[in-house]
Amino acid sequence: FCLMAVPGKVAAFHLPPLPTVGEIIKLFRLKAQKQLSQNFLLNLRLTDKIVKQAGNLKNAHVCEVGPGPGGITRSILSAGVEQLLLIEKDARFLPGLQMLSEAAPGKVHIVHGDILTYKMEKAFPKHLKRNWEDEPPDIHIIGNLPFSVSTPLIIKWLENVSRKDGPFIYGRTQMTLTFQKEVGERLTANPGGKQRSRLSVMSQYLCTVENCFVIPGEAFVPKPEVDVAVVHFTPLVQPKIEQPFELVEKVVRSVFQFRRKYCFRGIETLFPESGRLKRTEQLMMTADVDPTLRPFQLSMSQFRNLCNTYRKMCDEDPGLFVYNYREELRQKKKKRNSLKRTNQPVHAEEENQL
């Protein structure tokens, strides 16, 4: 590798001449696996553009998720990072990544593991920690995520944000990640937008979410059936809903359960059948939410009111939070099937509910 020293200026890092990403793929006979929803990005101009969205990475500590053949990895190293942690589940990519590691001595640490289970609390040096109210730490998470893990992973990280643990034990760690274009639109959709969804509310109540740009599908190998969005997340100092993540998720999931119906229809599923209507009315009146709004029309402040009111109702009735609408339906179906087997009549009202 080469460090070009210029008097009075910080030395810039340059990777030595290396095989191209395409040549690495051929050299190690790498093939994208459809079942792992892998798509390689070979265009280094685009990988540079992704890395640029993360901000200034000079002397930063970066974790790249699923580096694959190492296209984005090269762009991250070229940005002059201090340390780069690579977490790769697929062992086939490790030799190519090792080649990059050797080209940047002391900068790269490779972990063969699954990001969904990897403990990030100890991934970075302790001196990088910042108070939550301070500017974000000099730590960044970057990744061209396989479509199959992108949504469960961002939900996991959003839960980490709410608890200030995992990669957010260091402060408001920023993330720059790829998603299917449609998922990117959901993450950033405003109230009233056709893409407004559970994901919109869950991400925006905890983070500033920016849809940076869209990469056409043909830029990837193999070409996916969809375009890809690059999305940047910065955790908020103060969440827009100050309730436990599990409670917010339960309320938001219930509201969007019947997306095309009035919002009260989904809110009903928060309550057991006995007293359901009365408690739904109580929740909506106290939260000052119009029951005839559709789920995607609700503002963040209306979701906040619903969560705060539901929390009070749960405090008054400790058994309420553990109530599960789907489990109640399962039990009813079981009972109905049992009655049918014994030739006993099933009430019409029960039949309709099921």
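Using the three backbone atoms N, Cα and C, a Cβ is placed for every residue, glycine included.
As given in TrEMBL:
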type: BINDING; residues: ASN39, LEU41, GLY66, GLU88, ASP114, ASN144; note: S-adenosyl-L-methionine binding site
type: DOMAIN; residues: 46-237; note: domain 'Ribosomal RNA adenine methylase transferase N-terminal'
type: REGION; residues: 332-354; note: region 'Disordered'
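Sequence features annotated in TrEMBL and their locations in the structure.
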residue : record                               : Cβ neighbours (10 Å)
ASN39   : S-adenosyl-L-methionine binding site : 21
LEU41   : S-adenosyl-L-methionine binding site : 21
GLY66   : S-adenosyl-L-methionine binding site : 23
GLU88   : S-adenosyl-L-methionine binding site : 23
ASP114  : S-adenosyl-L-methionine binding site : 12
ASN144  : S-adenosyl-L-methionine binding site : 26
Residues ASN39, LEU41, GLY66, GLU88, ASP114, ASN144 [recorded S-adenosyl-L-methionine binders]: greatest CA to CA distance in Å: 20
